[in-house]
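Written below as structure tokens is the structure these notes are about.
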Amino acid sequence: MLERAQRTLKRKVHYSGVGIHFGKSATLTLEPAEENTGIVFYRSDLLGDRIPALLPHVCNTGRSTTLSSGDSVIATVEHLMAALRSSNIDNVIVRCGEEEIPIGDGSSHVFMQLIDEAGICTQNDTVPIAKLARPVYYQTQDTFLAAFPCDELKISYTLHYPQSPTIGTQYRSFVITEESFRKEIAPCRTFALYNELCFLMDRGLIRGGCLENAVVFKDDGIISLGQLRFPDEPVRHKILDLIGDLSLVGRPFVAHIVAVGSGHSSNIALGRKILEELQP
């Protein structure tokens, strides 16, 4: 059975910023936690319930991933969760003073900086690294995801945006390690199509969106502060989102994930199927 030592943070760290969808400023605090705590969210502005970062607590997947417990809700957790998962951090208390995690620059970069500032502490207890008993898949319309037994965590993603010549069809495949995530995936920002913006605003979303935290694709060009960080930054960001969503399985696992056009809803659906087939 594969296993490794559990890990937490060495010290408490803070970050203040705005949420991309609700546009509210909030302070985020990451705190060390005891062994076998898991990743747990608290709303520091409420005397509410603890919100474990687990699939049963997912309550909304519209343009981001939202968790809830009782009356407590915390939105847009995926970029933070991707950073924690890829850094092999098992136990941490996350406190947020609003209903949405601050977006930073739209990537996982700020959360990797927080983890570096806090430092990582190895704990005494171990955690098993689970494997898939058999392949699983999820499909709906033009979206397809599958997970195959593998001895490492690998993600292969195909993104197809025929409505955007600048994005077009992109494909990337990475073995996910702390190093590969930090260098190849964490800097990649969230993005939207220009013709989606009115629709999103009409739904009360992206109130905190701006060119400091997102890339907008318009016709055959981009609207951004500076150039793309990678020529295929959109597909890399989709891999970032997928890592964050699948971290809600709540257990370290290895598999080869193949995804075509997936989003938060389908990522979570695959996560539930993976959880059913993990061993031990």
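We number each residue from 1, going along the chain as drawn.
Including glycine, each Cβ sits where the backbone N, Cα and C put it.
A helical conformation is recorded for HIS79 (Zn(2+) binding site) in the three-state DSSP classification. All protein chains considered, the CB of HIS79 (Zn(2+) binding site) has 29 other CB atoms within 10 Å. Swiss-Prot lists HIS79, HIS237, ASP241 with the feature Zn(2+) binding site.
In the three-state DSSP reading, HIS264 (active site, proton donor) counts as helix. The active site, proton donor annotation in Swiss-Prot covers HIS264 and is backed by sequence analysis.
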For HIS79 (Zn(2+) binding site) and HIS264 (active site, proton donor), the CA-to-CA distance in whole Å is 12
For ASP241 (Zn(2+) binding site), list the number of other Cβ atoms lying within 10 Å of its Cβ atom.
-> 24
Its Cβ having more other Cβ atoms within 10 Å than any other among the recorded positions HIS237, HIS264, the winner is HIS237
Here the Cα-Cα span from HIS237 (Zn(2+) binding site) to HIS264 (active site, proton donor), rounded to a whole number of angstrom, reaches 12
